[in-house]
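S.K.: Here's a structure for you.
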Amino acid sequence: MSTLTDPPKASFRLSMLVYDTRYRSLTIQVVALIAFMLAAAWLINNTLQNLAELGKPIDFGFFAEPASYDINQRLVEYTSRDTHLRAAFVGLLNTLLVAVLGCALATVVGVLVGVLRLSGNWLVARIMTVYVEMFRNVPVLLWIVFFMAVLIESLPSPRDFRGESPEASMLLFDSVAVTNRGIYIPEPLFSRSLGDLSLGVFDVSLDLVAILAVLGAGLWGTARISRRAGRIQEATGVRPVTWYLRLAVVVLPVLAVLIVLGFHLGLPELTGFNFQGGIYMRNSLIALWLALSFYTAAFIAEIVRAGILAISKGQTEAAAALGLRSGRIMSLVILPQALRVIIPPLISQYLNLTKNSSLAIAVGYMDITGTLGGITMNQTGRELECVLLLMGVYLCISLIISVMMNWYNTRVKLVER
Amino acid sequence: MADLSYVRTEMVPEQAPPPSSVGVLGWLRENLFSGWFNVLLTLLSAAFITMILAAVLPWLFHSSWTAGSLNECRQQIAAAYGEHAEGACWAVIRERHLQLLFGFYPSELYWRPVLAFVVTFLALAPVLFPALPRKMLWGSVLVPFLVPWLLWGGTLWLPLTVLAGFGLGYVALRGVSGLAGGLGGVVAAAAVAVLWWLFLAGPVAQGAHALFPLGLEPVPSRQFGGFMLSITIGVVAITLSLPIGIVLALGRQSDLFILRTICVGFIEFVRGVPLITLLFVASVLLNYFLPPGTNFDIILRVIIMVTLFASAYMAEVIRGGLAALPKGQYEAADALGLDYWKAQRLIIMPQALKISIPGIVSTFIGVFKDTTLVSIIGLFDPIGLSNAIRADTNWNGIVWELYGFIALMFFVFCFSMSRYSMYLERKLQTERR
């Protein structure tokens, strides 16, 4: 007869730290942590030593000093007597401006190209393929400097608009001037303006706030109307026709506010050697905007195409078998499923576009890389502070966008068993 | 009773399809002219193509190859094709193409970068095309030592002593493994090699060079430029980023909390900042982080940062491949009794890498395109050179020819990479369809 006994408890030996799986992971982690901390300490020590030798300890005090350089494209008030901090802020707004403009145009072009690439028309599909391959396989920096060069070399200069029979003329009923210095477009003006609200850092136009508030209320109204229509449909089976009501709820109040505020357009006019009035978009902004948008649009087109192809044909056929019309099939069956595939890579393209906007420095557009990482860094000689802060800013933008993406992903995730 | 069947009893003879639905005509009807909307699209596209061709073709053929400046070009074209003829001024490419390819590399030494790239391609060939004999891989191992020597020149003894470090490490591994087990062997090998490289390699190389001066004329980094620079940075970053990316991806997927945190932190940080800020680090900050007095080559600094950047993206791509693998594969590998590294090497990685081929190659293409960013920190890659050429008084105002040439070169490289990835995907496809 045999008795089962516990194996004898082995006393702890040092070699078990390596060969015993119970302890090994702990050993590896402790070694990794020590190595990591040693490396970090070494880097920080070197940095401090170097900075001490150069006699410039880490100090962000330079942000309060006057920047003494001009920023020619800006969204908020700025003069060269403002501080470096203010200049960095202006740069950040410029980054966000080109990112938002770029994302909007890239989405429109990308979706259009992606859908047309799937078109049954052979010629159209081929043209779109050429577009995608052409933009995807050439560096974005090359596109940016190329667009800049084309704008400068091939557009008329303001002087060509002068005289009895000018070589160039303004477009769209004399409201848009396209010149080699930039594009002048009409600006919205209000003759009975509400004035500006100062937020300390920058001013906000109360007119804009009023219009946005009315627009938001209108959109809320349409949502209410369509929810009511949905309830009626569920109760009676007939959906009341509401589109004119919804349109009116949005458009009429906004029109009313515009009339009350005395809305009119300020057209650019040629005075002397240059155009005055209107909104002036410099070439650097236009070139950066177009190049980033068309480049990113090529990637978005591929994402859209892959998303639509990912939905199996059976879905379309099943929806058709239920008796849905083709528009409804798209909006109720295909798009909700395709969007789940499309949106995450789409947002990472937005992220790429925002990061690529740092290439603005190549055409002299003053985004945050041009102000904080360019002129401020060169003027003050504070490389460490400037570059670390620049990285921090981009990291924050990226993190905010990825948090939004994760929130969306969890919301639309397919719930499986 | 009469036969009242309503069904035909004999087969109808097969008829040819209507002529409008087969052949060229049928294809045209189906693909270009089905419905009014398609007809409209076709006409619009045809008009668009005609417009482009009408503008581009005369420009392409009314070209000048021999002029010395843009003005001379315009005069030549006006003289040959009439006053208002628009023509391409290819003379700029003829005059500057060597500079665009090699930068300011001494022209009598052009054979060295050319040889280096031929050697690199030969080394990559057995990796790219499995049909070639496996023995060629042994030659590939020597290339990382040969190519930098060819490009930068200097004494031959330096790469040889670096190579000797690996040899010494191997000897230590064999020697100590027998005495103190596998782990002790690895530690000893690493220690011996690092000590050799840090303290002995330099003096030994100098001494050997003094005795037997074998070497090439050194070329300083600031003379590097053009596509040679892009390809050098690109190839190094691409080849190094794959292994580093694999290690980072495994770290991110591992159960070890501290390792995972370090990997996630690194990946998310690098992916969250634009490459240009990392290049700023390379050009102005890296010297702060190293011991006082260290100052090493700008191209090396750039390569380090671009490699780190590419590795983080590569790690995410490979993590996607790892995540896409069914859990059963991990469990089956465990059930076979394989340890972690064997399971990764034999079961997990081959499948995960196969799934992630498209992502890996598009990361490669992205890295190669991103090498143009070095022009912003003052290196003369093709875009940096194009700015210099456009600033030259002779060629002031040239746009299409110059950028067209650079874009075409990039297009050829990137497009062939993406085609290669498609070929690889087809070849590795094992699912029955």
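Note: Cβ is positioned from N, Cα and C throughout, glycine not excepted.
Nobody curates TrEMBL annotations by hand; they come from automatic prediction.
Per TrEMBL, the feature transmembrane segment maps to A:23-44, A:87-113, A:134-152, A:197-222, A:243-266, A:286-308, A:387-408. Under the heading domain 'ABC transmembrane type-1', TrEMBL lists A:92-405.
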S.K.: Examine the transmembrane segment (A:87-113) against the transmembrane segment (A:243-266) and state whether at least 3 Cβ pairs sit under 8 A, considering only residue pairs 6 or more apart.
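M.R.: Per Cβ check, the transmembrane segment (A:87-113) does not touch the transmembrane segment (A:243-266).
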S.K.: Would you kindly list the residues that approach the transmembrane segment (A:197-222) from elsewhere in its chain, counting only those six or more residues past its ends and only Cβ-Cβ distances under 8 Å?
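M.R.: Same-chain contacts beyond the flanks: 75-77, 89, 190, 246, 249-251, 253-254, 256-258, 261.
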S.K.: Restricting to the same chain and to residues at least six past its boundaries, which positions have a Cβ under 8 Å from a Cβ of the transmembrane segment (A:134-152)?
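M.R.: That would be 180, 283-284, 286-288, 290-292, 294-295, 297-299, 302, 356, 359, 362-363.
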S.K.: State the residues, same chain only, that lie 6 or more residues beyond the ends of the transmembrane segment (A:243-266) and have a CB under 8 A from a CB inside it; answer 'none' if no residue qualifies.
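M.R.: Same-chain residues near the transmembrane segment (A:243-266) but 6 or more away: 175, 186-194, 207, 210-211, 214-215, 217-219, 221-222, 225-226, 277-278.
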